[in-house]
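Now, the feature entries from TrEMBL:
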type	residues	note
TRANSMEM	12-31	transmembrane segment
TRANSMEM	43-65	transmembrane segment
DOMAIN	88-216	domain 'Palmitoyltransferase DHHC'
TRANSMEM	138-159	transmembrane segment
TRANSMEM	179-199	transmembrane segment
Amino acid sequence: MGQRIHFVVDPQGWCCMGLIIFVWLYNTIFIPKVILFPHYEEGNISVVAVLCYYFCSLFCVASLFRASVADPGKLPENPDIPITEREHWELCNKCNMMRPKRSHHCSRCGHCVRRMDHHCPWINNCVGEDNHWLFLQLCFYTQILSSYTLILDFCHYYYFLPLKKENWDVFVFRHELAFLRISAFMGVIILGGISRLFYTQLMGIFTDTTSIEKMSNCWEDTSRPQKPWQQTFSEVFGTHWKILWFIPFRQRQPLRVPYHFANHD
């Protein structure tokens, strides 16, 4: 069964996501045109460097779009609650619907989301149980792509041999310095912000705590069972195969949690 499409009508989210897409397009177009292709033609870099950049770019935009349109874990209007799990459900005081514990109501989306971490305007979607893994991949590949771009910007001026050919786009050639300065500026800003966010997300998974729970201080029960980090990451990504944690082109299947870890409160 395929993953459900989830679309949030939020102009602010559209603007934020549009800005992210602009930055991605800018670097995907101009970095190869200004640095990769010219230096590859003159033998300063190998084809592997070019392919790696495009692979990072592809994985980054794939995780972005999938995290944006994936259902984060929206609860149905009339959920079928098993008798054995009713004690782990509660009534939402905003939408007046039953929801499992650790779910939260998103005021922007207008519904409750299972194990909601936060609402992210940069993907115009909530980050919840069903798309948290895609959000982590987005943070990971954005860091790699930003770091790779900054390294190329630096090497273009201080390491690579000067280009001999000048028969490429005249406009790009005349404004090369401006293009690369803009690229470096965006790379530093995005790398700094996304690295902090990624670290926060990793710490949340290690401690099995969402961002909302940290802010509300409602998840401080020290008597609850502590999960191994492999278990918490496997639950987020929906598989014990660690190699699949890095692939955005797949469908996530919820893991069956061992009974002594399930629904601990």
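Cβ from N, Cα, C; glycine included.
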Going along the chain, which residues at least six beyond the ends of the transmembrane segment (138-159) come within the CB cut-off of under 8 Å?
-> 24, 27, 31, 34-36, 39, 52-53, 56-57, 59-60, 63-64, 67, 123, 180, 183-184, 187-188, 190-191, 194-195, 197-198, 201, 246
Residues sitting near the transmembrane segment (12-31): Cβ under 8 Å, six or more positions beyond its termini, same chain?
-> 53-54, 57, 60-61, 64, 68, 108, 121-125, 145, 149, 152, 172, 179, 182-183, 186-187, 190
In this predicted model, the domain 'Palmitoyltransferase DHHC' (88-216) has a mean pLDDT of 87
Mind checking how the domain 'Palmitoyltransferase DHHC' (88-216) divides into helix, strand and coil residues in DSSP?
-> 70 helix, 18 strand, 41 coil
